[in-house]
Amino acid sequence: MGGMSGLRRVYLARPRGFCAGVVMAIEAVERWAEALKEKGELVVYHEIVHNRVVVERLQAKGVHFVEDLAEVERLRRERRLADTVVFSAHGHPPAVRRQAAEMGLTVLDATCPLVTKVHTEAKRYAKEGYWILLIGDSADHQEIKGTYGEAPERTILVAVHTHVGKDPRLADPRTVEVPDPERVVVLTQTTLSVDDTLATIAILKKRFPKLVVPSRKDLCYATQNRQEAVKRIAPKVEAFLVLTSPHSSNGMRLLELAQSLVGRAYRLERPEELRPEWLEGVESLGITSAASTPEDLVQGVVARLKAQNPGLEVVEEGAWETIAFREPKPLSPEEVLKGA
């Protein structure tokens, strides 16, 4: 671990780690897995949050994760299920809700309220005859699938400007076309880089002068806060560690931001992935984590750094968030169909 021996100070970004939506979703799964264990095992549609450690810990408690509700039929033959499905924090298309109800499943919708807000806007603008330009980083991201599914006939997927060409299903904001340029609105995936999202909206605004632009509040507060925390620390450090899954959009945007500001930024999911050569010549280090990364993983990294540097100074920089979301209530198949 010789590469870490010169480290003198670590700045821990605040806020970091779990946001209110993630806390709500994970706590809902844990509570209902325990409450329903006499009836059977719980099923979650998609990873509850994009973090492998979280998923593995829930699997150890008997929770099953599926990417297609058709998998529930197979599980019913192999396991004793509680006939309850939890929808992940990222949102889901209306067709999935209907499918769950038609299968007789009770639904716990753990979609983040901020994502639900975007879904509501998509439905409203589509009903009013607008064309929706939905900015995202991948057509495969669960949040994009969910929002697109609310109004597929009126929605055009657009790449955030830094990702143009990476996914051919996402249009270039500089050349995208809509059937009616007079009635067009922009919505966004909530976990993108705030700066990149605003830059992409500016490009679209030039192309479509009558573009309806939601308020900045439509960008996820947790995404903004974590990115601002990295910006505050960046001038004080020579390298950054970002604890995130490669599937976490908000986490990967933190990594890109840290790389752009500091130059040396490294991704890891678990403390044991820390590599000494990353910290060669580094005296001051910044650490942050994605909105779906458990805090104990961050503390595990700090413990490893302290073991190599007994006099290491650890500075908590910034303030924690105080927002909390209510846990979802179970919905019967009839209630789901009524609201679908």
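Every residue, even glycine, has its Cβ placed from backbone N, Cα and C.
Of the listed candidates (H119, H141, H161), Swiss-Prot assigns H141 to the same isopentenyl diphosphate site as H50, H90, S248, S249, N250, S292. Comparing CA positions across the recorded positions C19, C112, E143, the one lying closest to S292 ((2E)-4-hydroxy-3-methylbut-2-enyl diphosphate binding site) turns out to be C19. Straight-line distance linking the Cα atoms of S249 ((2E)-4-hydroxy-3-methylbut-2-enyl diphosphate binding site) and C112 ([4Fe-4S] cluster binding site), rounded to a whole number, equals 15 Å.
Checking the binding-site residues (C19, S248, N250) against E143 (active site, proton donor) with a 10 Å Cα-Cα cut-off leaves nothing. The highest number of surrounding Cβ atoms within 10 Å, among the binding-site residues T190, S248, S249, N250, S292, is found at S292. In the three-state DSSP classification, H141 ((2E)-4-hydroxy-3-methylbut-2-enyl diphosphate binding site) falls within coil. Max Cα-Cα distance over the annotated (2E)-4-hydroxy-3-methylbut-2-enyl diphosphate binders (H50, H90, H141, T190, S248, S249, N250, S292) is 15 Å. H90 ((2E)-4-hydroxy-3-methylbut-2-enyl diphosphate binding site) has its Cα within 10 Å of the Cα of these binding-site residues: C112, taken from C19, C112, C220.
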